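Trainee: These came from Swiss-Prot, pasted as-is:
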{"type": "MOD_RES", "residues": "M1", "note": "N-acetylmethionine"}
{"type": "DOMAIN", "residues": "29-102", "note": "domain 'Importin N-terminal'"}
{"type": "MOD_RES", "residues": "S112", "note": "phosphoserine"}
{"type": "MOD_RES", "residues": "K574", "note": "N6-acetyllysine"}
{"type": "MOD_RES", "residues": "K824", "note": "N6-acetyllysine"}
{"type": "MOD_RES", "residues": "S931", "note": "phosphoserine"}
Amino acid sequence: MELSDANLQTLTEYLKKTLDPDPAIRRPAEKFLESVEGNQNYPLLLLTLLEKSQDNVIKVCASVTFKNYIKRNWRIVEDEPNKICEADRVAIKANIVHLMLSSPEQIQKQLSDAISIIGREDFPQKWPDLLTEMVNRFQSGDFHVINGVLRTAHSLFKRYRHEFKSNELWTEIKLVLDAFALPLTNLFKATIELCSTHANDASALRILFSSLILISKLFYSLNFQDLPEFFEDNMETWMNNFHTLLTLDNKLLQTDDEEEAGLLELLKSQICDNAALYAQKYDEEFQRYLPRFVTAIWNLLVTTGQEVKYDLLVSNAIQFLASVCERPHYKNLFEDQNTLTSICEKVIVPNMEFRAADEEAFEDNSEEYIRRDLEGSDIDTRRRAACDLVRGLCKFFEGPVTGIFSGYVNSMLQEYAKNPSVNWKHKDAAIYLVTSLASKAQTQKHGITQANELVNLTEFFVNHILPDLKSANVNEFPVLKADGIKYITIFRNQVPKEHLLVSIPLLINHLQAESIVVHTYAAHALERLFTMRGPNSATLFTAAEIAPFVEILLTNLFKALTLPGSSENEYIMKAIMRSFSLLQEAIIPYIPTLITQLTQKLLAVSKNPSKPHFNHYMFEAICLSIRITCKSNPAAVVNFEEALFLVFTEILQNDVQEFIPYVFQVMSLLLETHKNDIPSSYMALFPHLLQPVLWERTGNIPALVRLLQAFLERGSNTIASAAADKIPGLLGVFQKLIASKANDHQGFYLLNSIIEHMPPESVDQYRKQIFILLFQRLQNSKTTKFIKSFLVFINLYCIKYGALALQEIFDGIQPKMFGMVLEKIIIPEIQKVSGNVEKKICAVGITKLLTECPPMMDTEYTKLWTPLLQSLIGLFELPEDDTIPDEEHFIDIEDTPGYQTAFSQLAFAGKKEHDPVGQMVNNPKIHLAQSLHKLSTACPGRVPSMVSTSLNAEALQYLQGYLQAASVTLL
């Protein structure tokens, strides 16, 4: 694409269309942009539009499109073509910083994100002048430019907070510190001076405080991994100024908005984070500053209001106290009884109250409320911070703290009892306080794993939780109902089983509650209870114990999906999946009705898939329905095909990318259920599965390979006779997969199925070419994963076609190649093979090479016979060699570029481990002994001589053990 006015005009028109609400106009425009984004100059055209276009909407659209383009395409993925040509990459890096800094803020943010994406890949090695260019802009004095630099630096450096320590990371941080720490410190001091100069200028202060927030965030990122020498030397400057800012109160920066945090609150929040970081990680160096910060933050807490805009500030301030009180160094600051009482009264209890804003979120923004309360994303809430502070104080003062707070709990419950309809918030706070007190350690998966023994959880459950849940009106006091259900979920490992069993029908009843939070919590609680394990690792609750409630459970779960706001509720669908899994055969009578409802739901959500977890659990539930029913009645598979195939066809025809990998997995499960040949409905699909476009999406690959394997397992003869012209296409797929380091193992899965199941004559003409392709890949790019897969394949080939056939095909490609493969690959690398089935295949294959390949006994290959036997005994007896060369450590990590749908494995569509050797060989060691005995009878005297003269003593001892176990000898 040329950088021409005509192309700019065309691009403008298509960008306009991508904003059209009508899908008939929008989607073709999106498809067009996708189709041209591989062309040279495409990204430069977008950047040119940012400079030249007069239409601000188009400029914003171009900036978002550019950022998403960079996100999808900048990373260079090994084995895949470079999606952006080098000239475009150079031009982008040369222009983007200047363009970003000269753009309005809305566009600046998009370009800043794009720079951070590029920087993540290219900085510092491929973009060494980025920092210099950014730091030089600090001299401009223009805070629009300076804030653009700071925002970009923050995007670039914030990953230092999450990266694992490594020499490479520390080298990069040191490079950044050398270039950036001093200019940042000078800018910090200069900005604070300007704040004093412009103390009465509200608009100037807003810009300056935006800078201070970004500077404080950068301080956090640059200090997170370790305390840099520069910041240790300049701690006085930073901490004194942080303390000053923490105590600052400028009326010009106060906002009337009760919801949105202002600049002053955001800055103080970040300073609390910075102080907490130093208190936790660098307490020795920070010790002399700590008392001043404790005092300042305490004063902040007792003087800050309950408005939502202060939530982040208050939670960060409390988190600071929590991090301090957990450190043995600072224990003395909290041990006084009056201090503990004061903290409880002035900080913890007020911040555990259920405010009007919380009530509003509970009723009107339930999804966000659930995300915060149930999923642990409440990290910046007052309640979560107060809970963490209770936990921190209990570390050293469990007895006194429990005593003080128990008094508050009793008092709150008494207030509630006086007038429940008015005082229900007191009980809510009491439940939360008990939860905080009792929870010493907690995980998402298991609930509370360590509890405060001073709190009687069962007694509290019986007296204060159960009565609320037993109330006939499921819609009364919804917040308390949600609290009670959450209590069961959190303390499920502490409350005795008999009480949990009593709770199950109550929870089922609450699936009918109108409140989204209540019926969601009920579904979540049931799902968690159904996954609990008893002492023998079986589920704590048996299908028989839940049997009395099966019908009402299933009815209420599916009805809950029809309640307003819960049509795609992932917790309900997960509970449906878990109920199916627990109840097994008990659900069979209901499946005809349930599969209809699931299919209708699938059709509805396929129009616009927006809830990935819901969709995943829905497909899991479909798989469970198939598995459970067809286990006792395989013929019922036809009913599922009738119910599902119309919807599946629509999904495939409409190219619903999110669902296609799931559809293939369910189809594999259905096809594998057929015991005889492949039905014609599947064979009609077979040619379409080989289309290259399907294989372009990495998320499709595992599911497609599994489906092709199912075709080969169930219908290899049909494919050989009715679709022989498709075999080259099948091998073309294999060729594409083995060329990729990320997907070569999938190529071998497919190849192994072809070798195992296809009639030999149907692949005869392709065999040599298959081996040539494998040797080319070995030569060009040998990885441990590839070697392991290659070893399994050649041994499977040996089992299927015979040892002599393997030797002949190798030597047919190149004379003496068989010996090279033995010497360079099989003997030295066999120890790396892992997995019971894989080891068994290799053991049986190598046994065949040792005992059924005449050239091994009477040619130049004979010298390799004993080393091969030694390596096989090593495979049996030595630990697996799991060493991986340094440069390969990350090859196996599947990195899905850009926005491509990642593959999500359906647990209940899982394929049983297939053993191609099967009953033919039960014990490979005995099989080796018997095969060696048979060989020794054919050529008496040779085998004992070769074994006794060349095998090492330890291996010989193991071999004698195998011979004894098989009751045979070598003649």
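Quick reminder: no glycine exception, Cβ is built from N, Cα and C everywhere.
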Trainee: Could you give me the DSSP helix, strand and coil counts for the domain 'Importin N-terminal' (29-102)?
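Mentor: Summed by class, the stretch gives 53 helix, 0 strand, 21 coil.
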Trainee: When you measure from the Cβ of S931 (phosphoserine), which residues in the chain that are at least 6 apart have a Cβ under 8 Å away?
Mentor: T847, K848, L850, T851, E852
Trainee: Could you state the whole-number distance in Å separating the C-alpha atoms of K574 (N6-acetyllysine) and S112 (phosphoserine)?
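Mentor: Roughly 39 Å, rounded to the nearest whole number.
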Trainee: Could you tell me the mean pLDDT the prediction assigns to the domain 'Importin N-terminal' (29-102)?
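Mentor: Averaged over the domain 'Importin N-terminal' (29-102), the predicted model reaches a pLDDT of 92.
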Trainee: Enter the number of other CB atoms within 10 angstroms of the CB of K574 (N6-acetyllysine).
Mentor: 23
Trainee: Fill in the CA-CA distance, S112 (phosphoserine) to M1 (N-acetylmethionine), as an integer in Å.
Mentor: 25
Trainee: Tell me the Cβ neighbour count for S112 (phosphoserine), meaning other Cβ atoms within 10 Å of its Cβ, over all protein chains shown.
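Mentor: S112 (phosphoserine): 27 neighbouring Cβ atoms within 10 Å.
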Trainee: Cβ distance under 8 Å to the residue listed as 'N-acetylmethionine', same chain, sequence separation 6 or more: which residues?
Mentor: N7, V36, N39, Q40, N41, Y42, L45
Trainee: What does DSSP assign S112 (phosphoserine), in three states?
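Mentor: DSSP call for S112 (phosphoserine): helix.
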Trainee: Within 10 Å of the Cβ of K824 (N6-acetyllysine), how many other Cβ atoms can you find? Include all protein chains, please.
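Mentor: 11, counting other Cβ atoms within 10 Å of K824 (N6-acetyllysine).
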